[in-house]
Amino acid sequence: MARRWRRLEEPRKGGMADFAFGVNAGAVAPQRSALYRHVVAVHMRQTCRSAAASACAPALAMALGFGKTKKFRYAGKLQPGVQSPRREVPEQIARPDYAADGRPKHTPRAVPWDIEVKSAAEIQGMREAARVARHVLDVAGKAVRPGITTDEIDRIVHEETLRLGAYPSPLNYSGFPKSVCTSINEVICHGIPDSTVLQDGDILNVDVTCYYKGFHGDLSEMFLVGDSVDEVGKQLVKVTYECLDMAIEGIRPGMPYSDIGGIIQDHAEKHGFSVVRDFCGHGIGSVFHTTPNILHYRNKDPNGTMQPGHIFTIEPMINEGKKDSMFWPDKWTATTTDGLRSAQFEHTLLMTENGAERLTARTEESQCFWWERKH
């Protein structure tokens with residue numbers, strides 16, 4: 001499950017603060033967030049020096065477009081379906097700290113280059129959580145077919161996760177309503193499972209995270225729905241996997257985390273695709289999202305240096321068309337702005353003395369990718 005990485009694209013004149021997006025933030029421009037609207041209202045009132053001037057604030061807000069209700073314009077053909085009620089979790093299942101109220105309790109690290117080095121016991125815990133998540137994703141992947149709803153995939157993920165004694169990490173994380181993210185076609189990430197029926201020719205990302213014995217294991221893969229996915233769609237999926245694979249194989253201890261983005265961007269753009277900028281990979285462990293931030297495009301951000309014992313995800317999101325993203329009104333579902341498709345793959349990785357180890361590596365029960373199948 002990707003971490004949001006974006007700044008509000010709104011004017012910040014007259015002393016307004018520059019608000020950086022973290023994982024718990026709401027929707028971004030062009031849909032103005034509740035936080036942004038609140039800050040604007042407070043700012044206007046603070047700058048009005050009299051009661052008469054203060055009365056101008058509501059009118060000014062309306063003039064700026066606040067308070068107006070507009071019909072949401074979806075970028076592509078996909079629109080949200082109907083969500084089923086939230087699934088229950090038995091009392092005996094150990095829960096992360098946000099399970100009850102949706103609010104992660106950890107204290108963010110002071111600087112982005114402050115990265116936890118895991119102990120041997122923590123690494124073993126991460127191995128176990130990653131294996132659980134891998135198994136759950138493989139079970140879900142076998143269910144992908146034309147005619148199934150994304151809500152049914154959520155049910156499968158939820159029940160299999162509980163059967164293994166784990167908690168589905170997305171459930172109520174910052175209010176996310178389901179146990180898995182299912183992202184179809186133009187959805188970049190964080191698609192919410194609902195009554196939407198998969199169609200022959202769709203491409204689908206299934207993003208699974210499991211909380212097991214105090215640790216989160218996180219991964220995602222793309223699936224072709226049916227036999228009618230066109231060649232561009234197939235190529236998009238393959239190139240996205242290659243971006244992840246090349247990044248994993250190209251990193252070593254001592255390298256800055258900022259080097260990852262160039263590897264991914266070069267390969268994606270060589271094939272005519274673009275890299276999403278608004279989400280990033282992340283550190284992971286007993287906390288779902290922490291340092292380092294893994295940007296998937298060329299950058300020089302000071303996000304630290306790779307060291308043995310670091311555990312993190314790389315999860316590039318590659319678009320068929322423009323790199324830009326937008327949010328649906330649910331404030332979770334991120335889509336392309338041009339309605340063209342997007343693809344994503346993700347692994348949880350352990351940095352060792354010899355390079356990155358895939359804790360969520362594929363197993364014999366994992367389905368073959370389309371380019372691995374014998375024709």
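Cβ coordinates come from backbone N, Cα and C, glycine included.
Note: TrEMBL annotation is automatic and uncurated.
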> Out of GLU88, GLU91, GLU346, which is the one TrEMBL records at the divalent metal cation 1 site of ASP207, ASP218?
Replying inline: GLU346
> Which candidate from GLU249, GLU315, GLU320, GLU372 does TrEMBL annotate alongside ASP218, HIS282, GLU346 at the divalent metal cation 2 binding site?
Replying inline: GLU315
> Which one of these stretches, 81-106, 289-314, shows up in TrEMBL as region 'Disordered'?
Replying inline: 81-106
> Of HIS190, HIS282, HIS289, which binding-site residues are close to GLU346 (divalent metal cation 1 binding site), meaning a Cα within 10 Å of its Cα?
Replying inline: none
> What are the DSSP helix, strand and coil residue counts for the region 'Disordered' (81-106)?
Replying inline: 0 helix, 0 strand, 26 coil
> HIS289 (substrate binding site): which of the binding-site residues ASP207, ASP218, HIS282, GLU315 is the nearest Cα neighbour?
Replying inline: HIS282
> What is the average pLDDT across the domain 'Peptidase M24' (125-353)?
Replying inline: 99
